[in-house]
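S.K.: In case it helps, TrEMBL gives these features for our protein:
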DOMAIN    15-249  domain 'Radical SAM core'
BINDING   C33, C37, C40  [4Fe-4S] cluster binding site
BINDING   C173, R244  [2Fe-2S] cluster binding site
COMPBIAS  289-315  compositional bias 'Basic and acidic residues'
REGION    289-333  region 'Disordered'
COMPBIAS  316-333  compositional bias 'Low complexity'
Amino acid sequence: VEALAEAGAAVRDHFGDGTVDACSIVNAKAGNCAEDCGFCAQSVHFDTGIDTYGFLGPEKILEAAKRAERDGAQRFGIVVAEKGVSKEHRPEEWEEVLESIRLVRDECDLEVDASLGILTEEEAETLAAEGINHYNHNIETSPNYFPEIVGSHSFEDRVQTLEVAKAAGMDLCAGVILGMGETPTDRVEAAIALQDIGVSSLPVNVLNPVAGTPLAERGVDISTSEIVETVAVYKLLHPHARVRLTGGREVNLEPDEQHLPLEAGADGILTGDYLTTEGQSPGDDIEIIERAGLEPNRDTNDFDPEAVKARRSDSAESSTDTTASTGAEPSDD
């Protein structure tokens, strides 16, 4: 583990800028997804008891973006967890998404990202024209293991959307969930698949089992050392991408372990809350970054890290607002 971690860190130090880039997301529409992803609390196939709501609307999304900006995020992702926000089938919702993008873009010092499911070429071109920086569509795991987790669509469906987004001019954010029962070989094969696709942000989630989902019955199947090793391997395979620590890190790593993946080459983080689960304080995230000998990226949003750390109790209060939370590059539950 130590040798791999040192190698991952060396690659990060050579190709990177010594900073850790923080992103944040908003769950813009909760629940009632028709897909059957075995890890997801928002699927209609599973009884998970989460609060559901329709599209939040531009003003609430702007509120979440402003909190993310205050808390040190450099990019903000608008996430709708369903098969696809369809311009053809739900034109009013599609227009609200576009209005939200414009509002955040114009009023915040943040890069605006989106995770809206499967896209048509026309939809992708529209998002690119509106200034979407990264499009997120996680592949979750290797091509071989994917059917064990998702039955309602294929691995190839996900890859096709990433290719459509890339062809339209957007950068790609696509990653995985570790600990779902996959083998170490699956983890490497997922990273190789992402090489073929070409990503500039690679979110690494660790399964946070949600009661009522199929994967909750299995539990998490990965150790701390395996998480660190995987992050290091991903950085070696993706030297120019931000390898981003996202959902599940707080529940699968002890507080005194959370800096270890950063010491193994990770150079991105998702700060705040996730789609249906709470994250930790952005101030805590900054301290973890600093413990690893790194500093937060401030290129887009030149925030004050000390002020964020001092506001920890404030951030904890705002994270309880489940209808406009800051938080899975775009990431998973």
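Including glycine, each Cβ sits where the backbone N, Cα and C put it.
Since this is a predicted model, take the numbers as computed values, not measurements.
Can you tell me where each of these features sits in this structure?
M.R.: When other Cβ atoms within 10 Å of the Cβ of C33 ([4Fe-4S] cluster binding site) are tallied across all protein chains shown, the result is 21.
Secondary structure at R244 ([2Fe-2S] cluster binding site), taken from DSSP and collapsed to helix, strand or coil, is strand.
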S.K.: So for C173 ([2Fe-2S] cluster binding site), how many other CB atoms are inside 10 Å of its CB?
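M.R.: I count 33 other Cβ atoms within 10 Å of it.
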S.K.: List the Cα distance (Å, whole number) between C33 ([4Fe-4S] cluster binding site) and R244 ([2Fe-2S] cluster binding site).
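M.R.: Each residue's Cα considered, C33 ([4Fe-4S] cluster binding site) and R244 ([2Fe-2S] cluster binding site) end up 25 Å apart.
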